[in-house]
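According to TrEMBL, the feature signal peptide maps to 1-30. Here TrEMBL flags ASP281, HIS326, SER554 as active site, charge relay system. Per TrEMBL, domain 'Calx-beta' is recorded for 761-865.
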Amino acid sequence: MTRTRLHPAAVPVVAVLALAAAGAAVPGRAAEAVPRASVQPDSTSIHLRGVDLDTSAPPQGLAARARAAVDGTAPVPGRQLRLVQYAGPIQPRWYAALEARARVVSYVPDHAYLVWVTQADAEALAAEAADGDGAVVWSGPLDPAYRLAPELRDPPDDTSGTVDITLQVVDNPAGAAAVASLEASATVLGEPYDLAGLTTVSVRVPAADVEGLAALAPVVDVEPVAAPEPLDEVQGQLLAGDAVVRVGGRTRPSGPGYLAWLDRLGFPHDPSAYPQVVVVDDGLDNGSVSTGVDDLYLQGRRTNASRVASNVNCTRDSQADGLAGHGTINVGIVGGYNDGTGAANVDANGFHYGLGVSPWGRVGSLKVFRNNGDFDLTVCGGTVSAMVRRAYLAGAGLTSNSWGSAVNGAYDAQARAYDVLTRDASSAVAGNQEMLHVFAAGNAGADAGTISSPASAKNVLTVGATENVRDQDTLDGCGEVNGDSDSDIADFSSRGPTADLRVKPDLVAAGTHVQGPASQVSGYVGDGVCGAASGDQRYYPAGQTRYTWSSGTSHSTPAIAGAASLVQSWYGRVLAPGATASPAMLKALLLSTPRYLDGTGAGGSLPSSAQGYGVPDLGELFDPTTARFATDQQTLLTASGQTWTRDLAVTDPTEPVRVTLAWTDAPGSTVGSAYVNDLDLEVLAGGQTYRGNVFSGATSVTGGSADPRNNVESVFLPPGTTGPVTLRVRGTNIAGDGVPGNATPLDQDFALTAGNVGVPQVVTPVDTPSPVTTQPSLSVAGAKVREGDRGTRRLAFTVSLSAPSSSPVTFAWRTRNGTARAPSDYRAGRGTVTVPAGTTSVRLVVRVRGDRRPERDERFRVVVSGVSGAVLQGSGTATGRIRDDD
């Protein structure tokens, strides 16, 4: 994402398809939202896009308006989309029962699913919710208002024009009929595509028709089309970390020497030792693998082999060339090599121009922006999924993406697609072809909530920008003058959080005044880079034609992609010989040794909406004297409540302990908050428990709450930490298919790395996965008793464990008034109870007072909390019923 000089992009071929066929039914009223059941759930909210649906109250706001729109409509005996909420973290048996009667479309937090059901099954779900004794606590239709993106909920005053929208429909016959009808009646802007149960398409329709489309039965999502835009050694030394010094309060590299640093660490000069980083952009130089850019050949000599492994053209341009120069500079930032001398190769401080982060690595280019600036995937199937598949077939190990759509942090169809494509880049090949996609956060800063898409996706690595340290107060062609401190966040760098309050960006890197190769192709115009502010603006510095410079998150992003190339090579040679790191492991490693930024626009507690976790410190990560533990997707959690643990020990008390957990989550819902499987990191050290992402500044602190939203969690402990360290991963809520293609519909694997723990040498735990420990679940059952005329009677509540525990289980309990009040109707109680090891149940006794007054049956509750040694099922609340006998 270069900051300016951007051609307006054409309408993208990406989209969300969800239209219904002509005559498709509006969901009827026969199975509308039912009152909340007597079982009290962990949450009474379903987090939909732009609004929280309170399932404990009658419909209000959007829901009320939506229901009014269909009020009086006769019940329709067809299939419909419906929300079903459960009492707590999803249990496999609940999911199996739901799947037996409905098509599960997506999980929606908290503890709910969007399903496609018949009218009869919708009524059965409503009845189960009303019954009050089952796992289903609420069920209601997905009102059309919730299917519309917030920008589309208030129709314009003038609806006579047209609007470009992306639709998602359920991938089934009803959805296919909807798409066919749409193709016959509207202008289709891109090829429809199926991905993870939904069909996605973009169309141009009359503005007056948008609300009606949202009311069609198989339509899940309607959102506006957002057009994608394209968003030296100094940069490398800043990432190297150990070369960084503070001068006058500013962070800058101490001097050149990046190539020598890589050599000292043993990085090979053989390109085959690195993954191919494919830069998805506006083309590369002359469009061939034999480019005119010297820096892209081995050792920077055109007499040697080219390190460009692929050059693919997805557009209708005749060549894969890059006349604007955006893609060319970014390929150079990933992997340029320059060890030359003299003013043509180094600046006044001795730093090489054009020296990329992975200077011996393989690179590639995939052209998705035409030379006129239009976004175009025609030759690669017309969709992002087909485009990523093409990158995979070209040999991509990961992609670098300096483009995106301005969506203010929304999780849209593009973001969802990349969450799927991280786990499996090519559905045409058996198994999961995992691939990390690195995305620019965007250049819409410095306001909060300005992350672009697909950077808003969970599973991608999202990159913001700091200032570079080059030519402070020199104006570039984009108007940027700042370049004196890597501890300052660039003013243009988009900030988080996402619309559903997840943390983005993940990391930051230098993004102002970034030097790199200029296209050498005839016809190069340079309007995709900043270049000089005057003279021949295609190049910088003046007096040469090999290099240019630019500013934007477009140019911090390929730096992190280059860093990921180094990490993948190091992982397979050093940390886990012969293995390939998963996208989650690459993410965890890059985020596990950050340098905290405290300059302008930075600071705050990690992870922050400006710096994420900070700038990767590769020097700390690659330090051969630091012991490191890593486990990469060796454990599969298949039920809420399962845990993984590993006991280790601090190896050097003078160094920090850093632990990072990451997982490739199941794709989320575009009509609700995107997070699905909730894993929680805990680190036990020094008699204290530290939870993931609970920080004060750059250091973890005790207390706080588990993070329910983010699929990256870290615990960073300061120097001085000593003794045993226990790492624990809790499967708090396993609600989706995190690992598709196996026999388990609910599952999640994870990657975890910890520095300065274990034994004082590299640990390779690939062949020694830790076991999954499942704690028993604890539940409390309701009870009833006749009141009697006098004295008191015992009302016993049974607290049960699903299986005997090998260690004692403790919990706290208390009574809570309902229609029965203490002390007049019963004696209030509270306390702490221990269930001995090997025991499966205990009773809680409450004394009920008798009287002779004729009255209705009365109710109060017992609430169980603070459970240790077991997993609390549901809300831990049970009802005591006092039956009147007068």
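One-based numbering along the chain as shown.
Even glycines carry a Cβ here, placed using N, Cα and C.
Keep in mind the model is a prediction, meaning the values are calculated, not measured.
Sequence features, as recorded in TrEMBL, placed on the structure.
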{"residue": "ASP281", "record": "active site, charge relay system", "Cβ within 10 Å": "28"}
{"residue": "HIS326", "record": "active site, charge relay system", "Cβ within 10 Å": "32"}
{"residue": "SER554", "record": "active site, charge relay system", "Cβ within 10 Å": "35"}
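Per DSSP, the domain 'Calx-beta' (761-865) is made up of 0 helix, 53 strand, 52 coil. On the 0 to 100 pLDDT scale, the domain 'Calx-beta' (761-865) averages 82 in the predicted structure. For the pair formed by HIS326 (active site, charge relay system) and ASP281 (active site, charge relay system), distance between Cα atoms is given as 7 Å, rounded to the nearest Å.
Note: the CA-CA distance between SER554 (active site, charge relay system) and ASP281 (active site, charge relay system) rounds to 10 Å.
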